Amino acid sequence: MADTSVQKLAAEVGKSVERLIEQFSEAGLKKGQADTVSETEKQQLLDYLKKQHGADKAPTKMTLQRKTVSTLSVPAGGGQSKDVKVEVRKKRTFVKRDDSELVDQAELEAKAKAEADAKAAAEAKQKADAEAQAKAAAEAKAKAEANKAKEKAPQAPAPKPKAELKAETPEAAAARAEAERIKATQEAVLTKKQKEEAAQAAEEAKKLAEVNSKRWAEEERLRLEAEKNGDHHVTTSKVARAAEDSSDMDDEKRGRRARNKPTNKKRGGKDARDGREKHMRNRSTAPQSMAHGFNKPVAAVSRDVRIGETVSVAELAHLMAVKATEIIKQMMKMGSMVTINQILDQETAQMVAEEMGHKVVLLRENELEEQVLGDRDDNVKLETRAPVVTIMGHVDHGKTSLLDYIRRAKVAAGEAGGITQHIGAYHVETDNGMITFLDTPGHAAFTSMRARGAKATDIVILVVAADDGVMPQTIEAIQHAKAGNVPLIVAVNKMDKPDADPERVKSELSQHGVMSDDWGGDNMFVHLSAKTGEGVDELLEGILLQSEVLELKAVREGMAAGVVIESQLDKGRGPVATVLVQSGTLRQGDIVLCGLMYGKIRAMKDENGNAITEAGPSIPVEILGLSGVPSAGDEATVVRDERKAREVALYRQGKFRDVKLARQQKSKLENMFANMEEGEVQELNIVLKADVQGSLEAICDSLTGLSTAEVKVNIIARGVGALTETDATLAAASNAIMVGFNVRADAQARKTIEAESVDLRYYSIIYNLIDEVRAAMTGMLAPEFKQQIIGLAEVRDVFKSPKIGAIAGCMVTEGIVKRSAPIRVLRDNVVIYEGELESLRRFKDDATEVRNGMECGIGVKNYNDVRVGDQIEVFETIEVARTL
């Protein structure tokens, strides 16, 4: 290869001339910009560069990473959508080429280019020579044929041309031939170059197809699977690639615009906003290749909606695949106002779903509870058990006194005020067998407790005082007995009194469906006296006779089951529950499930406080060891596993909480508009603590029943046990009164009560508690005012006074006229002015009041149109005490 200049070599290797001269200088060769470089000098420079950088040295690399994040909105079911973040990561590696490689590459490229040019020139010359020879031969042949034809053709006189054509000179012919040859050579080179480019493009396309064939096949397989399975997430890769390509194009466009656009000064205000808006309009958005995930059905879709015990509006909408607003509209049509987070009970949710055309499947969420309660080793052998007898009747009709005589113990003295406020459960051994008695309170407030007693009993004894007859609680007891389908025995008490009238009792009871067996009815009547014991033996015989007719039997061996009669929180013993065993045998150490509570029985005591280890059917017993205070009336069941008992108790607590919340929300929504219309209602806040659960429920029901449209009793906290410091703090913060029923406040609570001046009241009789709360509510009523006329004066004459104006000379015809009282001026019995007196005189002296039949002068303040014949009415406003 011929020598080349330094400048040309620098252009070939892609370096600046100064850098190349510097490298020549480092290699020991002094070169200038116009000097030539021989092959030997090139080789010497290449050897130096290889030695300097190392022949096997790895090239320097630089890796750049770029991460772009985009967000896709995909359907999530139920008419909702969710956002999915797509993150695209790109990695690019740049390799720094070595100088020796650049020199080798430049040398090879130059050599290849020279060889290609030489080869192309030789081929072009050869082709041009061949074409010239062929053209010359063709011209010679054509000329010979033309001469031959000319000789054969007859001579004809040729027309005389208008202008003689100039003959072509040899120099012009040679120039034209040379131009045609050069043109043909260029066309040949261009054609060859196009063929080479086409072949190279085909080769590259073939290589690209080989590289991408596997990836295309995999994408096609994934697409077919996605169409088959309906999975929309597979298309995320397509959208991500489209977003990436779009982002690359945006970056390239922004860079090109930034390079081409001249720099302007910073703009502000409207120009800047216009520019930003235009930029946002011109921005290209990523192509959305994902198809819509939901097509609106042309017909109504009926789904199987699985509904549990409780469900919120949002969850129900998701189950039915509709928007929550549709359910809210449907419930508004049904007359209920709900919110999206409101809890619906199973019945309401079922009604809504069926109204909207769906099939409802009610879930049994208490399968675990049924499994635990069904796993019992009950003995199928039934044995006769003692009857459970409930004594009912009106207050002070002698129920507890009757039971006291039967038990030979003074129980009535232990109850405050001589009335029963707890359910007393006792079993009595008689000569004819054992009988279990439940003594229920007779006060109206204990309706729920009495209803509980009727559910747990076999026979009801209705005690009616012979001197008092049928009373409201007597009628209520009859209703409870009939509702429980329990046989009724009437005990006509207080027969020792002189004014006793048993026939009147029979007549009054017959009006309520209780007919004596003497009158052809089904109910046994026993005349007795709890004070003298007259007729008590006949009553016991009647009870045992009735129990034989009922054939009362129960399983004696096996796991026990019963009902909670009463419960309380004892300060030393913890939660204590009185349980009436109905079947099986309850033993110390058993795992008991009582309503929302559970526990292992640590101790058992009978009604007299004696420790026992087991209790059979129809035996009342106190048990200790529960996790909390159960509600009276809950079923008590012995289970095998304490862990499963705990799970069932927690499930019941959650279910109770959900149902309670649903009930509260329903009450709030129903009363919302009523409260708006009625205005502000006075509230009497109460913190209530009682000794036992039954008394607590009865007091709460009674106090809640006292609420009126103007004053509402709000029991902000209730519980069983002593009043604690927490209760006192809550009462102080809520401006509430603290009420203790048979309980007292501890030392810390008393300190807080004194410091915060909280109103604390103790009660042992429910009458007094209700009466004082009613009095407190009466004091909270809005005052009522009434106008009372105290005097009337008739105008007989009118005088003019320069200081006051018109003075009415009057005669007091009724009552008394007071100086400080407001007045009305009446004309023809029509009120024309209402105001107050400015002066009241008797003769020339000022007077504070003028009585009936006396004359006086009256000056009306700010009113001068007093005429003869008018009447001046004097009145005063008094406050009238209101009652509930």
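Here the Cβ of each residue, glycine as well, is placed from N, Cα and C on the backbone.
Feature region 'G3', per Swiss-Prot, maps to range 439-442 of the set 439-442, 587-590, 607-610.
In Swiss-Prot, the annotation region 'G4' applies to 493-496, one of the ranges 13-16, 29-32, 493-496. Looking at 363-367, 418-422, 568-572, 723-727, the range tied to region 'G2' in Swiss-Prot is 418-422. According to Swiss-Prot, the feature region 'G1' maps to residues 393-400, out of the candidate ranges 369-376, 393-400. Assigned with DSSP, the residues of the region 'G4' (493-496) fall into helix, strand and coil as follows: 0 helix, 1 strand, 3 coil. According to DSSP, K399 (GTP binding site) is assigned to a helical segment. G393 (GTP binding site) falls within a strand when secondary structure is assigned with DSSP. Its Cβ taken as reference, K399 (GTP binding site) is surrounded by 29 other Cβ atoms within 10 Å in the chains shown. The average pLDDT computed over the domain 'tr-type G' (384-553) stands at 77. Each of the binding-site residues G393, D396, M495 was scored by how many other Cβ atoms lie within 10 Å of its Cβ, and the smallest score goes to D396.
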